[in-house]
Amino acid sequence: MAMVLDKTHRFKVIAAHAGLIFFLALTLFPFLMIVSISLRPGNFAAGSLIPEQISFEHWKLALGIGYTDASGQWVAPPFPVLRWLWNSIKIATISAAVILLLSTTCAYAFARLRFAGRRLGLNILFLMQMFPAVLSLIAIYAVFDAIGSYVPWLGIDSHGSLILAYAGGLALHIWTIKGYFDTIPVEIEEAARVDGATHFQAFRYVLLPMAVPILVVVFLLAFIGAIIEYPVASVLLHQEQNLTLAVGSKLFLYTQNYLWGDFAAAAILSGLPITVVFLLAQRYMISGLTAGGVKG
Amino acid sequence: MATLTLKQIRKQFGEVTTLHGIDLDIADGEFIVFVGPSGCGKSTLLRTIAGLEDISAGELAIDGVRVNDLPPVKRGIAMVFQSYALYPHMSVFENMAFGLKLAGMSKTEYTPPVTRAARVLQIEHLLERKPAALSGGQRQRVAIGRAIVQKPKVFLFDEPLSNLDAALRVQMRIEIARLHRELRATMIYVTHDQVEAMTLADRIVVLRAGRIEQVGTPIELYHAPANLFVAGFLGSPQMNFVTGSIVAIDAHGVDVALPDAQRVRVAVDAAGAQPGDKVTLGVRPEHLSLVAGGNAIAAAAIALEHLGDASVLYLQAPGTGETLSARLPALTRIAEGEVCRLGFRPEHGYLFRADGTAFRRLNPLA
Ligand SMILES: Nc1ncnc2c1ncn2[C@@H]1O[C@H](COP(=O)(O)OP(=O)(O)OP(=O)(O)O)[C@@H](O)[C@H]1O
Ligand SMILES: [Mg+2]
């Protein structure tokens, strides 16, 4: 702390702080706006950031309670928002778990096993990922329509179909995890093999525990991706009961009547599971797990 | 506890052949050291013995049983890696117990051997720590401990001490020697360090480019190297080589003419050689001394280094551009460019044929 500082240092610190505060405000503003809209009576997008009057009518609707409006009329919740939230959480959790399972094992094969077509396979995976899923919406619809006539629980308008569709998008995750595996010295697993571990045991007891931080990141990314995904979900899910929150909350915005307040409350709700999962995941994202194994 | 037999072991990586038919018999309880220049295949040979690389051709037998197709544990080997290769997420105790756990032992079964190994290696107080919280020397002890608890028939070490500083290396070297005496296990040890090779080995295996150049006790290799390569590889500073040709042969040695017509005498058995044959003269730096007359090489000094206990003089070899070195008493004073006469006894000289093989020395231990 007794370091000698240049005169310009003070100025730089102040400038840096000012810049940071500015960007923080820039990113926080939309969020605060949404919060404000959801607490304002009526459905208006415009208005001051701090509402003059606080009303929980939108939240009551979102949470499925209902309320009595100014004219004394009972307003029932128009949509099963909590049900949508539950659908979103269920689909995101299962698809993220499936993605994690598949991409970890694939990444292990690509990183550690030597087989013909390894390079080619990796590159094809990468190329496939370049095409946005939107481009294949029609194909996805047709495929699941066909599957549905044999396996109903994987057909159109089933959660199974959406989970399967999401689980297909794991190329990028395979690359991420493989990149991390590549940084872990092979000798550590060889030591495990000498200790008597099979390939699977070396993977399970030695490699996986060291890879926990990256696995958490991949789970998080997959989870967030599934929660906020709109195009594929909107094509595959139809019945109101089955929608995810991302698709369902769009119903608040009909062409004649944009229910901004109700929409805002639903949007904040959809951020809730992401926040919770992130907070849970954070403590596993520690660095330095692989330190000390080998001489650097 | 085990004998090893290597018969024509070959190893290929795709098109590249790394080991060209290695034949070696290792006796029970022997300490074998592999040395050789970087890339000669020491690690590859060790890894094929361990079972981490498959054997392309040939046969490997441990205690007379062919083990080519057995995984590492089933061969009864344990290996200590150069990079330690500890499990960073496990404590020292778990690191050492991992293999025993995999073998299906319960905690009450594997705790005693682990604590015993920790006591032998003096790391008992570290058992709860993670590898990241250990020093290099402590990590290497854990790696050795992990090998010990497996009770292997054969220990394999791949340059285990090369990451340690000089003082610690000496200490660990002594501990490994003690370990070998106590466990009486067969040990195979790869190193770059000549002192480690000379002090630890029962027999040294000198490898070059995937082939064995010579196998022998440290004394044998030092005093009776089979060829130029082995002679140049062992000894520090390196043995001096000067090319020349034979001028006379008698029962007690050979007279050799150096390129600038100087003559020196070497006590070797030159049976089969003719006067006029091209040869290479070899003299170790520690056998050279400054003399007025007698059997000596005259050469111009280039530089002088004071090592404290001795001085090393570098000279321009007569007739060729090569550098000679001589280990002289401490505080020797010689000016640069001064021509010195470096004497040696004929029985201290080595002589090599044009194809690099050595003539038999008449009195190697003199
Ligand atoms: N997996 C591999 N694929 C291809 N070539 C390899 C492989 N492993 C080793 N080699 C080659 O085999 C040769 C011997 O390598 P090795 O690691 O056994 O050398 P070394 O004697 O242990 O060297 P060092 O003293 O530097 O450790 C080298 O030329 C190396 O390039
Ligand atoms: Mg090596």
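Keep in mind that glycine also has a Cβ here, set from the backbone N, Cα and C atoms.
Here TrEMBL flags A:85-281 as domain 'ABC transmembrane type-1'. If you look up TrEMBL, you'll see A:20-39, A:89-110, A:122-143, A:163-181, A:202-228, A:258-281 marked as transmembrane segment.
For the transmembrane segment (A:258-281), the list of distant contacts is 34-35, 37-38, 40-45, 57-59, 61-62, 78, 81, 84-85, 88-89, 92, 216-217, 219-220, 223-224, 227-228, 245-246, 248-249, 252: same-chain residues at least six beyond its ends, Cβ to Cβ under 8 Å.
Contact between the transmembrane segment (A:163-181) and the transmembrane segment (A:20-39) does not hold: fewer than three of their C-beta pairs are under 8 Å, each pair 6 or more apart in sequence. Recorded stretches compared: A:20-39, A:122-143, A:202-228; the one with the most Cβ pairs under 8 Å to the transmembrane segment (A:89-110) is A:202-228.
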